[in-house]
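> Structure incoming, see below.
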């Protein structure tokens with residue numbers, strides 16, 4: 001009797017962890033996306049006004065689109081995880097989708113981080129000056145967005161490892 005209950009509790013506990021992690025991932029990705037989309041600042045340098053917006057940077061646009069994809073894929077796999085409890089053959093496909101989502105998240109974070117680094121510190125060899133001295137709020141919000149993006153990546157990475165472990169047992 002005890003063995004039957006123990007065998008049933010493990011998949012339900014696994015499902016609870018899967019659902020919780022996926023909800024946290026969606027929240028972090030949406031927060032990152034929202035902060036980046038609403039980020040805008042106008043500054044004046046030597047009497048010339050310029051605007052800093054996420055849409056002016058291809059790396060920041062990629063981050064936003066990738067976060068949309070992460071949210072959509074994680075929402076899809078949230079439903080998939082619930083189905084995988086009943087049909088164990090779906091667990092490997094779940095792992096595969098989690099892996100692709102994780103790779104998308106880290107590639108977008110890396111591209112946006114590189115752009116943010118150049119914006120903050122410049123690149124003397126290329127002649128690019130840092131802009132964060134002029135648009136403090138914009139750079140601070142980019143940092144917050146990148147932190148949330150990295151959090152979603154870390155959660156996705158942990159989830160992918162957990163899903164791989166679950167797939168091994170089936």
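Positions of Cβ are set from backbone N, Cα and C atoms, glycine also.
These figures come from a predicted structure and were not determined experimentally.
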> Are residue 61 and residue 116 on the same side of the membrane in Swiss-Prot?
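Topology check (Swiss-Prot): residue 61 vs residue 116, same domain name.
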> Among 121-141, 142-162, find the range that Swiss-Prot records as transmembrane segment.
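Among 121-141, 142-162, the range Swiss-Prot annotates as transmembrane segment is 142-162.
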> Hey, which bits of the same chain come close to the topological domain 'Extracellular' (110-141), Cβ under 8 Å, at least six residues off its ends?
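Residues 35-36, 38-41, 43, 45, 52, 57, 59-60, 62-63, 149.
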> Grab the same-chain neighbours of the topological domain 'Extracellular' (38-62) for me: Cβ-Cβ under 8 Å, and only residues 6 or more beyond its ends, written as numbers and ranges.
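Beyond its ends, the topological domain 'Extracellular' (38-62) has Cβ neighbours at 108, 111-112, 114-115, 131, 134-135, 137-138, 141-142, 145.
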